């Protein structure tokens with residue numbers, strides 16, 4: 001069986017080189033074109049889906065919609081869930097990456113960005129931009145909403161959704177598309193492929209490129225490739 005991952009198209013804050021995380025920003029024109037191209041590639045390669053999973057952030061939802069529209073599959077069920085959100089970058093969200101490196105030093109920012117188990121500083125829950133003040137998360141217990149995450153915590157957040165939703169869909173024979181974010185997809189890939197803590201730091205997923213994971217009938221990893 002095959003599972004298709006797509007990282008959302010290039011966003012407004014990708015273009016501005018800002019830390020994004022759970023902040024909700026839109027796609028750029030480049031990002032829209034990337035999503036269209038992804039949908040066209042999937043259509044040309046004959047990929048059909050029974051269900052699509054995405055996050056509750058606009059850039060991933062729009063990418064999912066565009067991909068499905070371009071491949072004439074906009075009608076299939078879509079499941080939006082916060083567990084597929086990008087890694088939460090804490091107090092770094094909204095900051096310029098270059099300016100942050102100048103303030104704290106390249107080494108410290110590199111640790112915050114690339115360490116598997118070290119998180120950036122927390123975002124104050126009372127901050128107007130905190131997810132605690134966003135009604136899309138109002139149904140969640142306050143202690144579940146993160147104030148900052150590393151990749152290890154992101155994996156712990158994403159894994160229950162894999163086990164409860166994505167894996168059962170695959171095992172039931174459904175053809176699955178997951179349109180999400182660089183780090184939530186990296187976390188899933190780490191689990192599925194069996195990438196080590198050290199190796200995952202160099203594992204990147206480009207924006208808007210369909211990544212196909214081939215799995216056996218027990219969801220063991222076989223191979224991966226980009227369309």
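Yeah, the Cβs are placed from backbone N, Cα and C, and that goes for glycine too.
Swiss-Prot has this to say about the protein:
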type	residues	note
ACT_SITE	8	active site, tele-phosphohistidine intermediate
ACT_SITE	86	active site, proton donor/acceptor
BINDING	7-14, 20-21, 59, 86-89, 97, 113-114, 182-183	substrate binding site
SITE	181	site 'Transition state stabilizer'
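Its Cβ taken as reference, residue 10 (substrate binding site) is surrounded by 22 other Cβ atoms within 10 Å in the chains shown. For the active-site residues 8, 86, the largest tally of other C-beta atoms within 10 A is found at 8. Comparing Cα positions, residue 21 (substrate binding site) lies closest to 86 out of the recorded positions 8, 86, 181. It is 97, among the recorded positions 87, 97, 181, whose Cβ has the fewest other Cβ atoms within 10 Å in the structure shown. In sequence order, 7, 86, 87, 204, 205, 207 are the residues of the chain that are 6 or more apart from residue 182 (substrate binding site) and have a CB within less than 8 Å of its CB.
The CA atom of residue 10 (substrate binding site) is located 11 Å away from the CA atom of residue 181 (site 'Transition state stabilizer').
Counting every protein chain shown, the number of other Cβ atoms lying within 10 Å of the Cβ of residue 21 (substrate binding site) is 25.
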